[in-house]
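As annotated by Swiss-Prot, ATP binding site applies to Gly130, Thr131, His132, Gly133, Lys134, Thr135, Ser136, with the evidence given as sequence analysis.
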Amino acid sequence: MNDIAAGTEQRSALPPELRRVHMVGIGGAGMSGIARILLSRGGEVSGSDAKESRGVLALRARGAQVRIGHDAGALDLLPGGPTAVVTTYAAIPKTNPELVEAQRRDIPVLLRPAVLASLMRGHRTLLVSGTHGKTSTTSMLIVALQHCGFDPSFAVGGELNEAGTNAHHGTGEIFVAEADESDGSLLQYDPDVAVVTNIESDHLDFFGSDAAYTQVFDDFADRLAAGGLLVVCLDDPGSRALAERVGPRLAERGVRVLGYGSGELADAPVPVGVRLHSWEPRDVGGVAQFQLGDEPAPRTLRLSVPGRHMALNALAALLAARAAGADLDEIIQGLEGFGGVHRRFQFVGRENGVRVFDDYAHHPTEVRAVLGAAAALVEQEARDGARSRQGRVIVVFQPHLYSRTATFATEFGAALSLADEVVVLDVYGAREKAMPGVNGALVAQAVTAPVHYQPDMSRVGRQVAGLALPGDVVITMGAGDVTMLGSQILDGLRARPQHGR
């Protein structure tokens, strides 16, 4: 066996506790990715989830034993029972009957981040963190590396349009993943390259204070080993401040820090790896002019995904891919072929001159970025004469979590006001219990644009179809089941009389 084959076999080997695993909540974005990698590496996997889903069906097709509903008997889906039970920090209550049964049987209960950290061992790890943009940046990095001939393992929070999956066990030495800060789990990982897209107040239900939330990124940067690289966005005050705080001590340990951003950046606290000169929207993508810190002239990058924030995400991915040894021209070609991520400004369809998109945005800054990209799109089309009238942006927003809605209701209102017309649904509570007085109306009251509070989702399709005109862009937005409304809106548009373009 040659060295390459031996290395691949060593990276594929599973530790004893991960050879037969039961996963509680197996259909979730993070958990299903872990399950896919375990199955690819020869593990046996069982699991449970509250409902059937596309992810559950895909895992069954790959050999996982999955039960819908939660009960103690699910731990017997694998002959001999599991060697470990895997769960997440927040989504699964400790009273879950499968977790109770695992404790009764003395079966180790592992948290998802610890399992992902174990799967990364023996790899060169490229991790993307930040309050916003993790999934898109991670996905761009994966697609760029694949185009360059690498076969990285990866685990990402959304489904790559190119790969049709959110996780993969590759033959190469590189492992690319999101480092989720929401519950502090990014401190389980030891990155060789770390990207921080931005740092802004979030997840205060877990951290309790802005200071504690910010500190987790400092601690994450400190986990970089000698010879590693930290990539930070200099346009974002939070990540720029991170570079100022940790840059000197990382340099003492032989860790480089590179920044990316736009503008002059003359007072940047760290070397500028790449600078965005300009962004020009085009249809559902755009053209970026950028310049590397070690090159004398600008280059052009044509993206198929919209928004200036996506151009910055692409430049972060470019720096990380270069650090992995990929060829620059090939990286650019790979980024230009990036087709997006499931539920990230995803095109759903077009009817009667109205385009419908879907996006996962569930924080005010994310909402602002997506609506800004949509506004730039319709404005550019009007300048180009592509439409007989300038289209409007109509957003259907579903707040996610009662705690987040209570904290950010005013900020959500301000961000949503960037749209021309707003429909606000009630809160998608997910794991949380309802809070008195916290609902969609609380957000709607803070919107200054024309706004409609609609607590009945069954009426949204027809309502939005009645609001939209040819040339308009409709975006369903949120981390809950608002994603199901796109097809209903298209049905409503299809049923009404035909208009001009």
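Each Cβ is built from the backbone N, Cα and C atoms, and glycine gets one as well.
Thr131 (ATP binding site) counts 23 other C-beta atoms within 10 Å of its own C-beta, drawing on all protein chains shown. Taking the centre of the Cβ atoms of Gly130, Thr131, His132, Gly133, Lys134, Thr135, Ser136 as the ATP site, the nearby residues of that chain (Cβ within 8 Å, site residues left out) are Val128, Thr137, Thr197, Asn198, Asn313. Here the binding-site residues are Thr135, Ser136, and the one whose Cβ sees the fewest other Cβ atoms within 10 Å is Thr135. Between the candidate binding-site residues, His132, Lys134, the densest Cβ environment within 10 Å is the one around Lys134.
Cβ contacts within 10 Å of Gly130 (ATP binding site), excluding its own Cβ and spanning all protein chains shown: 25. The local packing around Gly133 (ATP binding site), expressed as other Cβ atoms within 10 Å of its Cβ over all shown chains, amounts to 26.
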